[in-house]
Ligand SMILES: NC(=O)C1=CN([C@@H]2O[C@H](COP(=O)(O)OP(=O)(O)OC[C@H]3O[C@@H](n4cnc5c(N)ncnc54)[C@H](O)[C@@H]3O)[C@@H](O)[C@H]2O)C=CC1
Ligand SMILES: O=C(O)[C@H]1O[C@H](OP(=O)(O)OP(=O)(O)OC[C@H]2O[C@@H](n3ccc(=O)[nH]c3=O)[C@H](O)[C@@H]2O)[C@H](O)[C@@H](O)[C@@H]1O
């Protein structure tokens, strides 16, 4: 099939390269000309494992093309997939400006039989609004399909090639069958629903996962007070098949480009529809609280953070991505600086993006070793493999004090007990002291 993908962010690019990989002819379009010039040379615009190789395998051969002209991709396409951003407005609701513009940019070149697919995460009713916009402004009949995306950053290619399910929301049997046919080589379970149900499935899934994280963080905070260990509790809960072990990792809260904005968008939708949004309000409040938890632990430990030097290990919102959108490291670094501390941060991939947000308010180390030097304490923020595998016992010998605040529960008791000296604070677990410093 001939397919146009509009938007080359995480979703558009992963979708485009994977559809090319399974044999379709795909043109990915973006208004960002610089991005397109790089992509034409095989250079991805962000760090995502495996995506560069997939582009190089397919680009400019017979299957995968990049262009900044909507006409190039949309004219003659059987299917047009929209994957532009749907960020949050100041009031938390979803901003559809990019989506509307992408529809306006594409509509003039839509063929009679083209199917218009919205993959971006959108409020319920948006697909119908876009269909009406195209029909009234361009006098064109168009078949619209909602096809939400469930990939995770850091494993975007794997998730796109091996989805748990593909959701196709459509009111037209031929259109839904054609989209199912497009995905057939993936051999994934396909769920066909109404357009509104498909739109709702996406928000309900993200808000559920975010709520599961807030729930385990709430349990973790309780564990600290009652002397239980949240990892044992999560394991005990997760072995119940009805609960599942996924998304029960307690930590410093969820971040990223989607959970924070999608929970708030669903909250806004609840309010608009007169449904009490209390449950989701608690999810958000718990997450905001959790993002401050390491700083509170440090304040309790040191009383004042003035002139202390703190190493922040990890900046991105999760490992295997350089994305800094809504990363818990941002409020944490800002809070530490406000309290008078000097912050030196290390991240294997995200420093260039962190600098756009935190600028020179903090320092940046080129290695884990450099961050540890003379530090009064170490904060573990993102569980990159390089960080969880580090020789913490040895590295602490170069720090001023062997004090660690681990926001991701990276180390087991054995590794901590092997250290000559450490004061180890984690999330939802007892504090471990091995020959702690005197001050
Ligand atoms: N990032 C993720 O992991 C996931 C995101 N989603 C959803 O997918 C959508 C896209 O998210 P991301 O890929 O993160 O977006 P992004 O913000 O990283 O990228 C969007 C791209 O669209 C381009 N664009 C904007 N207007 C355009 C237009 N008129 N024509 C052509 N290109 C245009 C932008 O230049 C940008 O490159 C959002 O609705 C998001 O909620 C869903 C699942 C996973
Ligand atoms: O709509 C989206 O954009 C995507 O949002 C999430 O994917 P993503 O944000 O890439 O990453 P996750 O692995 O879900 O992690 C999100 C945040 O939750 C945190 N998290 C995750 C799991 C956990 O157990 N504990 C926890 O604190 C992570 O550290 C991270 O900050 C969903 O998992 C995807 O299914 C969805 O498609």
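Even glycines carry a Cβ here, placed using N, Cα and C.
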Cross-ref TrEMBL: NAD(+) site 30, 35, 86, 121, 261; candidate in list 196, 325, 408 matching that site is 325
Tell me the Cα distance separating residue 258 (active site, nucleophile) from residue 86 (NAD(+) binding site), rounded to the nearest angstrom.
9
Spatial separation of residue 258 (active site, nucleophile) from residue 249 (substrate binding site) - C-alpha basis, Å
18
Mind checking how the domain 'UDP-glucose/GDP-mannose dehydrogenase C-terminal' (311-413) divides into helix, strand and coil residues in DSSP?
38 helix, 18 strand, 47 coil
Could you measure between residue 248 (substrate binding site) and residue 261 (NAD(+) binding site) for me? Cα positions, answer in whole angstrom.
21
For residue 250 (substrate binding site), the nonlocal same-chain Cβ neighbours (under 8 Å, six or more residues apart) come out as 216, 217, 219, 220, 230, 231, 234, 409, 427, 428
Within 10 Å of residue 121 (NAD(+) binding site) (Cα-Cα), which of the recorded positions 202, 247, 251, 255, 258, 318?
202, 258
